[in-house]
Amino acid sequence: MPCDSCMERDNRSTDVTMEFLLLGFSELLCLRVFLFLIFLIVHLVTLAGNTIIFMAVIMETSRPPMLFFLCQLSVIELCYTLVIVPKALLSLVVDGSTISFIGCAVQMHLFVALGGAECFLLVAMSYDRYVAICQPLHYVAVMSERLCLRLALACCLGGFAVALGLTVAVFRLPFCQSHRINHFFCDVPAVLHLACTRSYIRELPLLAACVLLLLLPFLLILTSYVCIAAALLHVTSSMARCKAFSTCISHLAVTLLHYGSATFIYIRPRASYSPSRDKMVSLVYTNITPLLYPLVYSLRNKEIRGVLGKILRRRKIAQLN
């Protein structure tokens, strides 16, 4: 039975004027300057890479479905890094930074919403590859501009709806322990670790979000690629088979990066939670992974290479004139 003092702390924990202290990388005093410079460079390159892809697609008059989805992916990655990385860089400069109750909830909501939208977007992209390979004669009719717009809107709304439910559930919990978050942003496991209740019920919202944002989308992507693999088995030409498979390489690489990192952090028992290890892994999927996305797609996707090539040729012609 909770004591009176704990009940008082519970009552105070629901006050929206309270603040959390993000400890960041306070234990890495000797490496903070080095990490700050490294991740600042990575952040700027990530912003530049995604902006280039976004602008390249916007400037293209004819946009096939995959280019449309890549444009949305770039926008999501731009917002994703802007939500997390500036606060992370600040934590490398100062010994911990405070964030308000509302600010922490907003950051968590945007982080989960954008990550969830990306999960759903990867499903839409896998469906695009499925139609292109398994139903090539119907591709133009099926993947119409209207359907692409609906899929894009559904991805964003789905991610924001699940994130809203998860954020509300997390911040309704009592925080009668310390308000010191051993992380550089308001990540779900780090905030849940501060909750008073020891009941497994507090982890149910996170589990439900993982099922909706990670498990179900991954199963849909897996189903798409099983169908693609089955269709390619009936292709007699090895060249045509390799060409069809090469169109899926970029999407597969991004899917493995995204789901691999998210699964490691969120789909695991509470007993395995380790703040120091989680911060290192979070640095990878909030900094390195978004950097790799534009590199993967710019090097592997022929549509992106074609658009960038057109832009370079236009610049050369303009310079010559």
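These residue numbers are counts, starting from 1, taken along the chain as shown.
Backbone N, Cα and C atoms are what each Cβ position is placed from, and that goes for glycine too.
According to TrEMBL, the domain 'G-protein coupled receptors family 1 profile' annotation covers 49-297. Residues annotated as transmembrane segment in TrEMBL: 33-59, 66-85, 105-127, 147-171, 206-233, 245-268, 280-299.
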Inset, instruction - Average the pLDDT scores across the domain 'G-protein coupled receptors family 1 profile' (49-297) and report the rounded value. - result: 85
Inset, instruction - Would you mind listing the long-range same-chain contacts of the transmembrane segment (147-171), meaning Cβ under 8 Å and 6+ residues beyond its ends? - result: 65, 68-69, 72, 101, 104-105, 108-121, 123-124, 127, 188, 191-192, 204-206, 208-209, 212-213
Inset, instruction - Could you name the stretch, out of 33-59, 245-268, 280-299, with the greatest number of CB pairs under 8 A to the transmembrane segment (105-127)? - result: 245-268
Legend entry - Remote residues contacting the transmembrane segment (280-299) - C-beta distance under 8 A, at least 6 residues beyond either end: 39, 42-43, 45-46, 49-50, 52-53, 70, 73-74, 77, 80-81, 84-85, 88, 183-185, 187, 250, 253-254, 257-258, 261-262, 264-265, 305, 308
Inset, instruction - Decide whether the stretches the transmembrane segment (66-85) and the transmembrane segment (206-233) have at least 3 CB pairs under 8 angstroms, with pairs required to be 6 or more apart in sequence. - result: no
